[in-house]
């Protein structure tokens, strides 16, 4: 079974996002998710890719470590990423803080902070999203949401408009087929009996549970069948705090 990071996978997004689109989701009401960030990434070998992310401070975006690149431009306040609006704020990333223990083989510690060159202006279309404390443990069974511009199907292109999908947090056993899944570091998301998921292009987007970002779209199966694996944000709160305080 082939496993791919979300920028290479297509997941069902109306509740979570990757670097593609949401599968089994619906289009969000324009600008109803003001924390969402669209990342245009220039890679070291030339080709561009894109990911999702979310604004946690006026000058910091949280995303997945596998979304790192030679340079990154962040677009805030977007709904249709092909039609520029007055709500858009395009900001350059001046520093990428990829977690020092990020492992490209296991995709453990798939989390990264992006420092923006300028602070975002908070508007009706651009806002920050709260994230959990270190010991905030969200239980299996909870319904959450993920959003993104990723693929809406395995063989479909990315979505122009922001999509969202509702996904259920699963027991860790549901992700036992992922050899490197670690319940302490990650969340298992998406009912395997449903056809909803996040996929390629949704990577880096937030898993929103009761208004709090609990997870980050990380990886899943190459056929986009749920469940998928999300980075557990609460585990990394001390590291996040350290970066924010030092910068």
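Glycine residues also receive a Cβ, built from the backbone N, Cα and C atoms like all the rest.
The model shown is predicted, which means the values in this text are computed figures rather than measured ones.
Summarising the annotation, Swiss-Prot assigns signal peptide to 1-19. Annotation comment: Swiss-Prot describes 22-245 as domain 'Peptidase S1', evidence class sequence analysis. Per Swiss-Prot, disulfide bond is recorded for 51-67, 144-209, 175-188. Here Swiss-Prot flags 66, 110, 203 as active site, charge relay system. The annotation N-linked glycosylation site is assigned in Swiss-Prot to 80, 103 on the grounds of experimental evidence.
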Densest Cβ neighbourhood among 80, 203 (recorded positions), 10 Å radius: 203
Pairwise CA distance, residue 103 (N-linked glycosylation site) versus residue 110 (active site, charge relay system), rounded so that it is a whole Å: 8
C-beta crowding around residue 188 (disulfide bond), within 10 angstroms: 25
Alpha-carbon distance [residue 80 (N-linked glycosylation site); residue 209 (disulfide bond)] in Å: 24
Between residue 188 (disulfide bond) and residue 80 (N-linked glycosylation site): CA-CA distance (Å): 29
Spatial separation of residue 144 (disulfide bond) from residue 188 (disulfide bond) - C-alpha basis, Å: 12
Around the Cβ of residue 110 (active site, charge relay system), the count of other Cβ atoms that are within 10 Å: 29
Position of peak Cβ density within 10 Å, selected from the disulfide-bonded residues 51, 67, 144, 175, 209: 51
Within 10 angstroms of residue 203 (active site, charge relay system), Cα basis - recorded positions out of 51, 66, 67, 144, 175: 51, 66, 67
Structural state of residue 51 (disulfide bond), classified by DSSP into three states: strand
DSSP three-state assignment (helix, strand or coil) for residue 203 (active site, charge relay system): coil
Alpha-carbon distance [residue 66 (active site, charge relay system); residue 144 (disulfide bond)] in Å: 23
Rounded distance in angstrom between the Cα atoms of residue 175 (disulfide bond) and residue 110 (active site, charge relay system): 17
Alpha-carbon distance [residue 110 (active site, charge relay system); residue 67 (disulfide bond)] in Å: 9
